[in-house]
Structures are given as C-alpha cells and as structure tokens.
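Chemist: Heads up, here are the entries from TrEMBL:
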DOMAIN    142-308  domain 'PNPLA'
MOTIF     146-151  motif 'GXGXXG'
MOTIF     173-177  motif 'GXSXG'
ACT_SITE  SER175  active site, nucleophile
ACT_SITE  ASP295  active site, proton acceptor
Amino acid sequence: VNEFRLFSWLNQQEDIHRMVLYQCDYQLTLCCNSVTVLSLSSVVTFRGLIEKELESIAVRAQKELILLHKEDAETVKNTTEWLNLRGWLSSHHHLRCPKRVLKITSAAKTLETYERVFETQPDRMADFSRLARFLTGNSITLVLGGGGARGLAHVGMIKAMQDEGIPIDVIGGTSIGAFIGALWAEERNFVRFKQRAREWSTVMNSWWKKIWDLTYPFASMFTGSAFNESIENVFHDRQIEDLWIPYFCITTNISNSTMRVHSSGSLWRYVRASMSLAGYLPPLCDPVDGHLILDGGYVNNLPGTVGLEHFQTVLSGSLSLWMIDKVPDMTEIQSRLAYVSCVRQLEVVKNSDYCEYIRPPIDRYGTLQFGSFDDIAETGYHHGKTLFSAWNKGGLLEKLFQETEPPSNEARYRAERNIPKSHVPGMAYFTDLAEQVSRIEKPRNNTFYPSEDDSDEEVIYENDEDEELGHMLDRLREEEVFAHTDGDDDAREDGAEKSSGRRQAAAHI
C-alpha cells in the first residue's frame, strides 16, 4: 500500500510540473522510467554486473547507451560491438565531450569549474543539449525529401539552420535526401560536409561514367556499378550505428510491396538503394533477408510521419519539388513517377501541426543537373536564411523551442480544482486508491442458505444486517415452495421465474 501511495504521489508531481528531477539511488532499483548506461567509447566493450541484471528487470523502462568521445574525435567506430552485447537497449548516442568532462581533478576543483559553467547560457548546438532534448522528448528532426539534383538545396538549408542556431538532433530522408542526411550525420563540420557533397556531384555530372555503365536494358539502363562506386567512395564501410546523430532512410521493398525504414546496417548500401530509380538503376539486394529494395520515393518521398513515429520528435521538413513546362525525357518520367504514389502522404505532412514544411525555389533545375551544385546549394541557403531570419526576428524561433518542451499541466490542473496559484499542491488533491481499498471490509464466509436437513437448527448471525437478510431469504424460500405446490404448470413456471428474480434481488441486497 505504501509503495502504491508513493507511485501515486510521484505520478501526480509529474502531471502537475513541467519537469521533475529525481536523485538516483546508489543501488539497483526497480523504480525507474529510464536507464542510462554511460561509458567511454575507448574502453573494452564488456558488460558489468548491473548491466547483466538489466536484461531481466525494468523490462518496460527506456534504456539508453551513451558513449563519450573526445572533443576532437572525427569518426566513430565499432558501435555494433557495444549494441550486440546489449540487445535490451532502446537506442544509443554519441557525445563529444569538452576536455573538462574527461579531466580528472579534485572534488573542490570540479565544483569550482562547474559553478562557472552553470553561470553561462547552455549551448543549443552542444551534444549534451541534444541528449537532454532527446531524454525529455524534445528532439528536432530534419527530414529531407527526394528530387534528384534539386535536393542539393538541402546543403544550403542546413547552412542556414546552423547560422540561425537551429540544432539538428535526428536526420533522415529519401533518395537524395538520404544521401545528404547521411553525409551530415557522419561529418557535422559544414565546410567538409559541403566539400564532400560538391565532389560527389562532380562525379555524378560525368557523362563518360554513365556511358561506360550502359547495359542491355533488361532490368535497368545502367549496371549500377559506377553509381555504387561513387556512393561507396563517400561512405566507405561506415555503419549507420557509427554516425554522430541518429539517422534513418527510406526504401521501397519490391519483393513484398512495402516501405522499409533503415536505421542500422551498411550506410552506403541503404543510401544507394534509397536513390535507385526503377529503370535507371537496378534494385539492390538487402543483406538482411535478400529482398529487393528500390528508391524510397515510391512509397514515401518525405518521411515526416516516420520521423515522428520512430523518434517522437518535433519535425522540420524540407522537400524539393518541381514544375517544369517541357516534354520530359525517360529519366524525368521515371523521376516523376517515383513520387506519384506519395502525394497523399505529402499533403498529410504539409498540413500537420508537428512539422514545418519548407520548399526552396529550385523548380528551374533538372533531376540530373548535378553540375549546378553551387547554384542549387546557394538557392537553398538564401531561401533558408531569409525564412529562418524572419522566424528569429518575429520570435517564432524561440516559440518553436518553447513549444517543443513538455507542456505544463499545472494551469489546467489548478483551473479544474480551483486551486489558487499561491497554494502549493499536496497529497490532499489526489485520490489515494490504496487507502480506499484498504478500508474495504474483508468478505465473510457465512452461508445464508441453510440446507433442508438442518432447517430446524438455530442459525446464529454476526450482526443485525445479516439476520435481516437471512429472514428475507427464508420468506423467499417459503414463497417458492408454495408456488411449486399450488397452481397449474404455467403458474409453477411463473412462480419459479418470480422466485429467481427475488433471489437475485436478495443477492444484490
């Protein structure tokens, strides 16, 4: 009962206040909503004693793995080794730490250092801020749509977001959006990010590679070898688990006509599959189950709903569309066909209240116009800069962060109960079910139906209510006997029904 009362009171505090901080126990406890496993990424990936116990306890708790990296770390490796030993994990996070975090000093020196740190304003762009937003359900996800070379505008949009201080906690996309998103999740340095995107666009603009890759058009126009090489040269053997921020991409499973969301596995392989237009490139074989996967634009060209369902976040969407008045060629037809089936989903995302839909003015560029990288990226940057600056000046940017915080129920709670603001709510304002249940009297093992053999014996009742109920049952029994001995069959049946009704009524009494 006391444990139930404690949980009731804690749930009440979480409902009233926007945020409740708990002091952790120094021993393992079953009372937890989230379990955080913190470790240096450089240590050996073995499981401790407490971690082994987590497999069988706190089954419903959210379990997060946090790997700490040095501030100057450029890449992440061997994350799958950590995850394979801990199949009970919900997700994982990579954090770059300031030197003060990994520096071993005295307690007094540490206290002095963090007193100065707490006096400064938190940095939204820091990895620890990203972790805090994730744990409190306030992550900001950037979803990038498809559109061929027009998707290079995503590069400029990301630059505009960085200039205006809009963090990207999770990133994902479809087709060219999958490529740009993966590049940003791996790099996080905009100068190198833009340079790598430009180099890949230069390779994609080479007609000689396309000519040498032509084949008999049985499954596709090209063998896909040159395209595979261009993607693999960008990401090499990188795994999605080794990216700095959570990432996902969308593909179309043509083996069973479904959408697939990839958030683990070979990065280059799933990015390539998400960019594979039917007829232009052959489908790719998923190493997990051998199914054939193609461009994700056939099922979901702007996976805003996927980001919401998988990461439960506030989304900022970006999509490249076009309206060009010309006769389309075969490539353009295939490109447009890829997005016909997802028009309805696009309208849902555009009209949703959880997503900010942004479309840069890139209508004049073609699907394969990768040679115009700088122009397209600059168009996206100027569009994003203008939009985000207007948000910032109008206070909408601050409002965005305020709205992504957990909504406070305190005002609604007080209004419903007419509690003044000056009053501190206590336990008197919630229903203690455990206390009420404890007041219920235990059922008695008394029988109020004496048998025919001992009908003459004296029946002893514990109280007046039991005695009154017993006499009522005796009268009902006498009426039942009278009904069975007097009257025709119909009367007997009618008397039995009435007696049954009285017996049920007495039972309810």
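Yeah, the Cβs are placed from backbone N, Cα and C, and that goes for glycine too.
Locate each feature and note its surroundings.
Modeler: The average pLDDT for the motif 'GXSXG' (173-177) in the predicted structure is 93.
Other Cβ atoms within 10 Å of the Cβ of SER175 (active site, nucleophile) number 30 in total over all chains. Taken residue by residue with DSSP, SER175 (active site, nucleophile) is part of neither helix nor strand, so it is coil.
The 10 Å shell around the Cβ of ASP295 (active site, proton acceptor) contains 28 further Cβ atoms across the protein chains shown.
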Chemist: Rounded to a whole number, how many Å is the Cα of ASP295 (active site, proton acceptor) away from the Cα of SER175 (active site, nucleophile)?
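Modeler: Cα to Cα, ASP295 (active site, proton acceptor) and SER175 (active site, nucleophile) are separated by 6 Å.
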